[in-house]
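Enquirer: Below, the features straight out of TrEMBL:
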type	residues	note
DISULFID	154-184	disulfide bond
DISULFID	155-172	disulfide bond
TRANSMEM	18-39	transmembrane segment
TRANSMEM	60-83	transmembrane segment
TRANSMEM	89-113	transmembrane segment
TRANSMEM	198-224	transmembrane segment
């Protein structure tokens with residue numbers, strides 16, 4: 001499309017709107033992958049009610065979906081406010097950005113203060129299933145342990161409890177058994193570290209964009225309020 005001088009402000013706001021919508025969709029995609037991904041669903045289905053992983057798993061999904069919807073709504077409100085020059089819509093867009101910012105800061109702080117909580121809870125789940133199979137080789141727990149080994153491409157763990165070769169030979173993939181596959185606790189730790197680093201990077205980008213969105217909507221509100229648009233309205237009379 002073609003931007004005229006009169007429509008310069010709406011056209012300049014279009015790239016920012018698309019960036020915010022893309023960021024919201026990225027957060028929603030990451031939340032969905034985290035919630036329905038094979039690695040996470042296996043641990044969530046096996047974990048007991050006393051384990052904190054299942055609670056964290058569900059809360060992270062709902063937080064991500066709410067955050068993505070808030071960012072997309074803020075982008076749409078800001079775009080509509082720019083086109084219609086509405087102070088009300090601009091204020092609503094600023095409120096959505098501020099709401100997203102207030103949610104992102106505690107999430108980033110939680111990532112630092114509870115950096116090992118998710119990792120420990122996942123490894124506790126694996127320890128529980130592994131020990132259940134080692135003590136009583138039930139088909140139900142053996143099936144769960146086999147699924148975890150296949151998902152994480154690992155085989156057993158270094159355990160101080162005597163000979164565990166029988167457990168690993170029945171639950172590990174054949175190539176992992178013969179090649180002495182990676183310790184599952186280490187494999188879970190490495191996988192989760194990569195995932196959490198990606199999540200934290202996306203949180204940092206989202207915080208930067210929400211601050212930019214609040215500054216942008218504040219500028220638009222004052223610009224509309226004081227009628228300081230990029231073009232002049234009215235007629236000039238030479239006295």
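Each residue, glycine too, has its Cβ placed from N, Cα and C.
Whatever TrEMBL says is automated annotation, not expert-curated.
In the displayed structure, how are the listed features positioned relative to their neighbours?
Expert: If you draw a 10 Å sphere around the CB of residue 154 (disulfide bond), it holds 23 other CB atoms from the protein chains shown.
With a 10 A radius on its CB, residue 155 (disulfide bond) counts 23 other CB atoms from all the protein chains.
When Cβ-Cβ distances below 8 Å are used as the criterion, the transmembrane segment (18-39) is approached by residues 57-58, 60-61, 63-65, 67-72, 74-76, 78, 151-152, 191, 195, 198-199, 202, 205-206, 209, 213 of the same chain, each at least six residues removed from its ends.
Remote same-chain residues near the transmembrane segment (89-113) are listed as 63, 66-67, 70-71, 73-75, 77-78, 80-82, 196, 199-200, 203-204, 206-207, 210-211, 213-214, 217-218, 220-221, 224 (criterion: CB distance under 8 Å, separation of at least six residues from the stretch ends).
Through the fold, the transmembrane segment (198-224) approaches residues 13, 16, 19-20, 23, 26-27, 30, 34, 67, 71, 74-75, 78, 81-82, 85-87, 90-91, 93-94, 97-98, 100-101, 104-105, 107-108, 111 of its own chain, all at least 6 residues removed from its boundaries and within a Cβ separation under 8 Å.
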Enquirer: Checking distant contacts: for the transmembrane segment (60-83), what same-chain residues at least six beyond its ends satisfy Cβ-Cβ under 8 A?
Expert: 9-10, 13-14, 16-18, 20-21, 23-28, 30-32, 34-35, 89-90, 92-93, 96-97, 99-100, 103-104, 107, 206, 209-210, 213, 216-217, 220, 224
Enquirer: Using CB atoms and a 10 A radius, I'd like the single residue among the disulfide-bonded residues 172, 184 with the highest neighbour count.
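Expert: The residue with the densest Cβ neighbourhood is 184.
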